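Here is what Swiss-Prot records for this protein:
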- 1-19: signal peptide (SIGNAL)
- 20-44: region 'Framework-1' (REGION)
- 20-116: domain 'Ig-like' (DOMAIN)
- CYS41-CYS114: disulfide bond (DISULFID)
- 45-52: region 'Complementarity-determining-1' (REGION)
- 53-69: region 'Framework-2' (REGION)
- 70-76: region 'Complementarity-determining-2' (REGION)
- 77-114: region 'Framework-3' (REGION)
Amino acid sequence: MELGLSWVFLVAILEGVQCEVQLVESGGGLVQPGGSLRLSCAASGFTFSSYDMHWVRQATGKGLEWVSAIGTAGDPYYPGSVKGRFTISRENAKNSLYLQMNSLRAGDTAVYYCAR
């Protein structure tokens, strides 16, 4: 009986310290070519400021495509396909990542995800 109680107690402790990484995107919508959209990503379950963050996208029937990244110090990186049109930013105090997308094209149509 004592062993069983110890096991249950150990499981309870482990569950209590478990944290779940969550990344929740918002801000998408329909827009005409040439228009703009701003995406947001709310992060939780980890020390946001300690990680480089990324945006990736997936068009229907295609694989994942890297869209942008931002370092812990705020330094941005872009592939040529979006450079000059997309701007990544972060707000560490709010555990938030953003993607401002301007001069949108039909080829930008995709599901966008933030990633750690």
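Quick reminder: no glycine exception, Cβ is built from N, Cα and C everywhere.
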Other CB atoms, at most 10 A from the CB of CYS114 (disulfide bond): 23
Intrachain residues whose Cβ lies under 8 Å of the region 'Complementarity-determining-1' (45-52), provided they are six or more past its termini: 19-22, 69-72, 90, 92, 95, 116
Positions on the same chain near the region 'Complementarity-determining-2' (70-76), where near means CB under 8 A and six or more residues out: 49-54, 87-90, 97
